[in-house]
Amino acid sequence: MSQGEAAGHGTARPQDQGWAWMVLLAAVVLQGLTLGFPSCIGVFFTDLQHEFQASNSQTSWFPSIMVAVLHGGGPLCSILVKQFGCRFVVMLGGLLSGLGMVSSSFCKSISQLYLTAGLITGLGSCFSFQAGVTVLGYYFVRWRTLANAVASTGVSLGFTLWPLLSQYLLDEMGWRNTFLIFGGILLNCCVCGAIMRPIQLAPGSLPQSAKPEEEPGSGAEEAQLSNGASPYHPMPQQHTRRTKCFQMLQKYLAFDIFCQNKGYQIYTIGVTWMMMGFVLPHVYLVPYAIHSGVEERKAALLISIIGFINIFIRPLTGLLSGLRVFTGRRIYLFSLAVLLCGLSNFICVISAEFSVLIVYCVILSIAMSGVGALIFQVLMDVVDMDRFSSALGLFSILESITLLIGPPLTGLLVDITNNDFHYVFYNSSFFLISAALFMGLSFCALEKKNKLREASKALLDNPSRHQYSEMSTEPKAESQSPPVVEYITSI
């Protein structure tokens, strides 16, 4: 919490009990409202096309912008949380989300929808979600892992309920009135934020990642000294500003880690490439089913099936990946889940019958649960925890770029081929399978290289005892496991 918020309370509230569980309930609702909301956009895809006489590519920019901003706005949200506190940012996000959807109901062109529903609602959802996750770290210490796991069920509940509600309202009153109602529903994020009242932390109860802030001016002084400047003869003001900008980039965007850490570099490139195809089924599955003759209500049910299965499979996947046997090998589980996502898309190419699409949704949901449960856990495996937040900032921004351009480019391909939606799933499979193979094979080669380097170093350090020594089969990076911290993914 910000210092101003914390100062308003004279005594520290007890954590892990009492009001903390109300905050957890608010976090569950919040994640269902924010992360679950983009799952229903495919229901409106065909109606928006007819309303604005737009192509597949033009229409797909709307959900692409929303999802990209939802993922890429993390660093901005972090700055706001630091300045104003979690409660304010959650309520601000709810206000923006509601305003965006209410404005969308009056749009006269598809480009106006990009601004209202795409940018404004996406940014509001990002603020509410990110700040809502952060506040759990203050209210829970002993039960923090459990709290994050319970809160993540809100995403699956949102995936299940939003498409069903969307199809019902669309049939009853059209997309404009539905968007107006959605604006009112998303304003409930403000209610969730009001529940997340500030808490003054007792000594020793700070979140694991929290560190005391530097004294004012210390960072600039250290930068001057490291560049050979004397504190008594300060550098020019323009140079000082550049130094501060560099420090801000270093704090929120870890370019130095990307250049120096091969594991982080491989993983970030792989996930960024993967996102070009990962979101395509969510955008185009419902339009594909309707285009193939499936009833609209049944088509909307397909997305709900994916969300419902996620409720049960994602926690099981998280427990499985936490077993000791997978320590240091979670990247291979993640690559396997991505590979299964890619292979499952070929089911849609074989047939578009409703029974076949249900089988596809079941398999895709199982694979997606693995991706969602592991994506941030693998990132924690390859990056030191004291730099995790900055590594996550660069990671989320890069993946948001491909999330933005993936659906429109695929929509353009569908337009060129006269609405042949098979290319959606071919395209998705290409990006997912290639990303899975790249990450799996690259980490395998990197692991072998590290083992050879360690063996050579041991031979040079102690050649007389080398024949009696045993090398560890685990990579050096896994010799000390990171603190148990669970991060909630939006996937």
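Note that Cβ sites are derived from N, Cα and C of the backbone, with glycine treated the same way.
Under the heading domain 'Major facilitator superfamily (MFS) profile', TrEMBL lists 20-452.
The transmembrane segment feature in TrEMBL is assigned to 21-45 (among others).
The transmembrane segment annotation in TrEMBL covers 61-81 (among others).
According to TrEMBL, the feature transmembrane segment maps to 88-106 (among others). Away from its own ends, the transmembrane segment (88-106) comes close to residues 30, 33-34, 77, 80-81, 113, 116-117, 119-132, 135, 176-177, 179-180, 182-184, 186-194, 196 of its chain (Cβ-Cβ under 8 Å, at least six residues beyond either end).
Residues or ranges marked as transmembrane segment by TrEMBL: 112-139 (among others). For the transmembrane segment (112-139), the list of distant contacts is 1, 15-16, 19-20, 23-24, 26-27, 30-31, 33-35, 37, 48, 52, 61-74, 76-78, 80-81, 86-87, 89-90, 92-101, 103-104, 147-148, 151, 179, 186, 189, 192-193, 196, 199, 201, 207, 209, 487-488, 490: same-chain residues at least six beyond its ends, Cβ to Cβ under 8 Å.
Look at TrEMBL and you will find 146-165 (among others) tagged as transmembrane segment.
If you look at the transmembrane segment (177-196), the same-chain residues 6 or more away from its ends with a CB under 8 A from one of its CBs are 22-23, 25-27, 29-30, 33-34, 37, 44, 86-91, 93-95, 97-105, 117, 121, 124-125, 128, 131-132, 135, 166, 169-170. Here TrEMBL flags 177-196 (among others) as transmembrane segment.
Positions annotated as region 'Disordered' by TrEMBL: 206-237.
If you look up TrEMBL, you'll see 266-287 (among others) marked as transmembrane segment.
Marked as transmembrane segment by TrEMBL: 299-319 (among others).
The transmembrane segment annotation in TrEMBL covers 331-351 (among others). Through the fold, the transmembrane segment (331-351) approaches residues 267, 274, 277-278, 281, 285, 288, 321, 357, 359-360, 363-364, 366-371, 374-375, 378, 381-382, 422, 425-426, 428-433, 435-437, 439-440, 443-444 of its own chain, all at least 6 residues removed from its boundaries and within a Cβ separation under 8 Å.
Under the heading transmembrane segment, TrEMBL lists 357-379 (among others).
Positions annotated as transmembrane segment by TrEMBL: 391-413 (among others). If one looks beyond the transmembrane segment (391-413) by at least 6 residues along the same chain, the residues whose Cβ comes under 8 Å of a Cβ in the stretch are 55-61, 63-65, 67-69, 71-72, 74-75, 78, 252-255, 257-258, 264, 268, 271-273, 275-280, 283-284, 376, 379, 383, 423-424, 427-428, 431, 487.
Annotated transmembrane segment per TrEMBL: 425-446 (among others), in sequence order.
Mean pLDDT for the domain 'Major facilitator superfamily (MFS) profile' (20-452) in this predicted model: 84.
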